[in-house]
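Participant: One structure is given below, represented as structure tokens, and several questions about it will come after.
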Amino acid sequence: MSGLNQRPLLLTQGDPAGIGPELSLRAWLERDRASLPPFAVIGDPDHFARVADTFGWTIPIAPVEPQQIQSAFSSTLPVIPLSVSVSAEPGTHDAANAPSVIEAIETAVRLVRAGSAAAVVTNPIAKHVLYKAGFRHPGHTEFLAALAAKGSEETYYPVMMLWSEQLAVVPVTVHIPLSDVPSALTTDLIVLTGRIVARELRERFGIANPRLALAGLNPHAGENGAMGTEDETIIVPAIDILRAEGIQVAGPLPADTMFHAHARSRYDAALAMYHDQALIPIKTIAFDEAVNVTLGLSFVRTSPDHGTAFDIAGKGIARPDSLMAALKLAARLGRP
Ligand SMILES: NC(=O)C1=CN([C@@H]2O[C@H](COP(=O)(O)OP(=O)(O)OC[C@H]3O[C@@H](n4cnc5c(N)ncnc54)[C@H](O)[C@@H]3O)[C@@H](O)[C@H]2O)C=CC1
Ligand SMILES: NCC(=O)COP(=O)(O)O
């Protein structure tokens, strides 16, 4: 992918003790072979240099301003420095690094909103580590929506989509306890989510007439009310509203039979009613290729589908494929 005529991507450091830093370095090493779009990391250049050293990788690291990223990228890993330094041991998370994690995300959003970047790509954060430091958002998805609206009259409803060539899934409820799902699930929420997914599949993914499939909540989508009533009382009315708006929707489908290959060929995105209903099938089918995309914002954000993987950080065995897929999808969907 040629770099000089396109806006670069901004890649946040993520948790510095997780696999994000080593995957970012590996992605840069693979940039030509994998035809990766130009990107800059937002993080502490010294931390990235230390991680590269531990693997014996010769990677020139260049602190840059946003306008220098494209010209720097072919020969150096461009890094937009933070105001704080990072001290992290791979695998040993520390809430003391939370300010750097948050600053990287804030900087990325500020720059993409200012038009300095095509899109934002985030490395994984450990939510429980940030919560310890007082972070009040469930994850990136909700934090990015708040940052996208900051200082403006706009509000954004962020929708999480996990996308791969084989399957795209959207959890309608996201980071909440399973016991809270039935009360959080409303017809309005499903309709809002379905509208955003249909619009972005059209506008960003170029699918002229997107086909959505809605999972039921209960076994066998409720078995006519014998195994739960939400399918009939909450999901069916949402389907009726979306269809009346001209959106192609199937469902509510029994969730156990909607993810096999033949079933998947009938829709472009599956809307699942809770986190694991969506993420188990895609991570089973496409763990190394799937990308987390946030829909509904004023800019594109992608991320690998996996987390911080503290258990393997620093061992050199983390696979960079999902991060590289996230970089490619961000370039495809983002601003030219
Ligand atoms: N976008 C984000 O910021 C995300 C953050 N997380 C956070 O990550 C933390 C850890 O979550 P887990 O559930 O343990 O999921 P995880 O994805 O970090 O790890 C699950 C398993 O997959 C392996 N794995 C993950 N990525 C790999 C890769 N690139 N190559 C090879 N093996 C890989 C790990 O070693 C582990 O055995 C949590 O605190 C969670 O909040 C989880 C998902 C996304
Ligand atoms: N399980 C997906 C996940 O945790 C991603 O969350 P986010 O940080 O992208 O909001």
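In case you wondered, yes, glycine gets a Cβ from its N, Cα and C as well.
So TrEMBL lists these for the protein:
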BINDING   His140, Thr141, Lys283, Asn292, Arg301  substrate binding site
BINDING   His175, His220, His275  divalent metal cation binding site
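Can you walk me through where each of these features ends up in the structure?
Facilitator: Neighbour count (other Cβ atoms within 10 Å of the Cβ, all protein chains): 29 for Arg301 (substrate binding site).
For His220 (divalent metal cation binding site), applying a Cβ distance below 8 Å and a minimum sequence separation of six or more within one chain yields Met227, Pro254.
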Participant: Ligand 2 is in the model; which of the binding-site residues His140, Thr141, Asn292, Arg301 have a C-beta less than 6 angstroms from one of its atoms?
Facilitator: His140, Thr141, Asn292
Participant: Sort out for me which one of His140, His175, His275, Lys283 has the most neighbouring CB atoms within 10 A, since those are the binding-site residues we care about.
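Facilitator: The most densely surrounded of these binding-site residues is His140.
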Participant: Could you state the CA-to-CA distance between Asn292 (substrate binding site) and His275 (divalent metal cation binding site) to the nearest Å?
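Facilitator: Rounded to a whole number, the Cα-Cα distance is 13 Å.
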